[in-house]
Amino acid sequence: MGKTNSKLAPEVLEDLVQNTEFSEQELKQWYKGFLKDCPSGILNLEEFQQLYIKFFPYGDASKFAQHAFRTFDKNGDGTIDFREFICALSVTSRGSFEQKLNWAFEMYDLDGDGRITRLEMLEIIEAIYKMVGTVIMMRMNQDGLTPQQRVDKIFKKMDQDKDDQITLEEFKEAAKSDPSIVLLLQCDMQK
């Protein structure tokens, strides 16, 4: 293991320009910042959790970060390299609504079986509540829903065939037909 290259290889850069929503210049800047924070060129779960803790200092971000990490780590090797990082960032920050829905579904589908169960959804919603902290959550959560009540409300709107699981199709259809569902998923009730 030598020192990680401080520059992206031209073929990697070209590939990322083609497969993300970032320009060549933006990718170079992101890579520079990524190497500054991760000199090894990869992030493990603990390092990833530390980044989340910086962004959410008033709550416990560790559980949510664990789920985000799983979603970022496309090859399942227990680390996030720059490619995985920038591709996920591209989708979450600049992707189409459809791409964002696919990414969110992946995060909620904990076991990757193509369906979201009530327990899976509850785990993510509880992690969001913990991450943002009690005081902020009380401000955001003007409807006063507990995590379980929020899950029940989401399932009522999304689970079209009432089989207690949400497929990708149900997820997308409901989110497109009722944008307030997306707010429920984010636990952001500010209008």
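A Cβ is built for glycine as well, from the same backbone N, Cα and C atoms used for every other residue.
What you see is a predicted model, and the numbers here were worked out from it, not measured in a lab.
Residues annotated as N-myristoyl glycine in Swiss-Prot, with similarity to another entry given as evidence: GLY2.
Swiss-Prot lists 24-59 with the feature domain 'EF-hand 1', giving a curator's inference as the kind of evidence. Taken together, the residues of the domain 'EF-hand 1' (24-59) have an average pLDDT of 90.
What Swiss-Prot lists as domain 'EF-hand 2' is 60-95. Within its own chain, the domain 'EF-hand 2' (60-95) is flanked in space by residues 8, 12, 16, 19-22, 27, 30-31, 34, 41-45, 48-49, 51-53, 102-103, 106-107, 110, 123-124, 126-128, 130-131, which lie at least six positions past its ends and keep a Cβ under 8 Å from the stretch.
Positions annotated as Ca(2+) 1 binding site by Swiss-Prot: ASP73, ASN75, ASP77, THR79, GLU84. The local packing around THR79 (Ca(2+) 1 binding site), expressed as other Cβ atoms within 10 Å of its Cβ over all shown chains, amounts to 19.
Secondary structure of the domain 'EF-hand 3' (96-131) per DSSP, as helix, strand and coil residue counts: 26 helix, 3 strand, 7 coil. Per Swiss-Prot, domain 'EF-hand 3' is recorded for 96-131, and the stated evidence type is sequence analysis.
In sequence order, ASP109, GLN165, ILE166, THR167 are the residues near ARG115 (Ca(2+) 2 binding site), counting only same-chain partners six or more apart with C-beta under 8 A. The Ca(2+) 2 binding site annotation in Swiss-Prot covers ASP109, ASP111, ASP113, ARG115, GLU120.
Mapped onto DSSP helix, strand and coil, the domain 'EF-hand 4' (146-181) counts 25 helix, 3 strand, 8 coil. According to Swiss-Prot, the domain 'EF-hand 4' annotation covers 146-181, on the basis of sequence analysis.
The number of other CB atoms found within 10 A of the CB of ASP161 (Ca(2+) 3 binding site), across every protein chain shown, is 9. What Swiss-Prot lists as Ca(2+) 3 binding site is ASP159, ASP161, ASP163, GLN165, GLU170.
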**OP:** May I ask you to report the DSSP-based helix, strand or coil state of GLU84 (Ca(2+) 1 binding site)?
**Re:** helix
Original post:
Any idea what the Cα distance is from ASN75 (Ca(2+) 1 binding site) over to ASP111 (Ca(2+) 2 binding site), rounded to a whole Å?
Top reply: 15
Subject >> Least buried by Cβ count (within 10 Å) of the binding-site residues GLU84, GLU120, ASP163 >> reply: ASP163
Original post:
How many Å lie between the Cα of ASP113 (Ca(2+) 2 binding site) and the Cα of GLU170 (Ca(2+) 3 binding site)?
Top reply: 15
